[in-house]
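Residues or ranges marked as signal peptide by Swiss-Prot on the basis of sequence analysis: 1-27. Under the heading topological domain 'Extracellular', Swiss-Prot lists 28-51, 105-124, 214-224, 276-286. Residues annotated as topological domain 'Cytoplasmic' in Swiss-Prot: 73-83, 146-192, 246-254, 308-326. Taken from Swiss-Prot, the feature transmembrane segment covers 52-72, 84-104, 125-145, 193-213, 225-245, 255-275, 287-307, 327-347, and the record attributes it to sequence analysis.
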Amino acid sequence: MATTTQHMNQIFLVLLLISFAISPAISTVPKECETDSTDSCIDKTKALPLKIVAIVAILVTSMIGVAAPLFSRYVTFLHPDGKIFMIIKCFASGIILGTGFMHVLPDSFEMLSSPCLEDNPWHKFPFTGFVAMLSGLVTLAIDSIATSLYTKKAVADDSEERTTPMIIQIDHLPLTTKERSSTCSKQLLRYRVIATVLELGIIVHSVVIGLSLGATNDTCTIKGLIAALCFHQMFEGMGLGGCILQAEYTNVKKFVMAFFFAVTTPSGIALGIALSSVYKDNSPTALITVGLLNACSAGLLIYMALVDLLAAEFMGSMLQRSVKLQLNCFGAALLGCGGMSVLAKWA
């Protein structure tokens, strides 16, 4: 129960920091950057019902996506240890990688190179690449330190268990059994670190995506975004759900993590609707704030997708035993990246 509370506190802290970061974005827009009021797609009255549809549709698809892996152990052909689940997980990892490279990173480049920003310093230094690079390195540090702390805690707990009489029975087990237990324990710790860090990264960019959709009154843009984001959230949820499943959390913690993933984007949309009259997505402050958040999120998602998800699976024993399965998983990952690349046309 304590770990669940800690996890909830982490998520609330991230959401609070994002709120403070976005609040200065309520500012004036330079005349040359103002939206063309004669555009037939700009209609606040028609946009509101579409945004409400978006909240419901994205909430439902997010719940389906993140919940599907959690119930897969009850479906024989989708068992977490099976080949089909591995292929689906690689596809979902490809979705996350495609999100970082084809959606979040380009958005950051576009925002931080906007003509609405001053030449000095925004047009004289590649801030997006720099911040994304730092984000990847910081994620590596967090990943490493968190794993180290989890491992030390597990070793301490194991030492306490050794002081009990139960160790007499355990010592009679074959060495290979104890080694296997130790290996499984270390792998479980890695899964838990991955699930936590990935969820925090997804929450950051989900709030930004939702805010952008909620703040815009462009009905043409909203219509395309609804379908694209439903697809995106469903399969990104499958990737996260697979990590949560492998982490073997308690049912309460699984529910908490799934709940926060499902409601983050709809909450961002609701926040965008509330701020739509004062929030200007092309104001300098908004461009800088959201652009830097996107760069941070992109670095984190790219690192997690490549290092903690795809590389970990491809170098794992299951895929290393079968070249055919490796090719199938590579094709699935490529398909996931390709799907997000196609969606980049609309979202």
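Note that Cβ sites are derived from N, Cα and C of the backbone, with glycine treated the same way.
In terms of C-beta pairs under 8 Å, the stretch of 255-275, 287-307, 327-347 lying closest in packing to the transmembrane segment (84-104) is 327-347. Shown for the topological domain 'Extracellular' (214-224): DSSP residue counts in helix, strand and coil, namely 8 helix, 1 strand, 2 coil.
Each of 52-72, 193-213, 225-245, 287-307, 327-347 was scored by its Cβ pairs under 8 Å to the transmembrane segment (255-275), and the highest score goes to 193-213. The listed stretches are 52-72, 125-145, 193-213, 327-347; of these, 52-72 has the most Cβ pairs under 8 Å to the transmembrane segment (225-245). Taken through DSSP, the topological domain 'Cytoplasmic' (246-254) splits into 6 helix, 0 strand, 3 coil.
Between the transmembrane segment (125-145) and the transmembrane segment (193-213), three or more CB pairs separated by 6 or more residues in sequence fall under 8 Å, so the two stretches touch. Same-chain residues lying 6 or more positions outside the topological domain 'Extracellular' (214-224) and placing a CB less than 8 Å from one of its CB atoms are 39, 41-44, 46-47, 50-51, 54, 268-276, 279, 281, 346-347.
Outside the topological domain 'Cytoplasmic' (308-326) by six or more residues, the chain places 83, 86-87, 89-90, 93-94, 96-97, 143, 190, 194, 197-198, 239, 243, 333 with a CB less than 8 A from a CB of the stretch.
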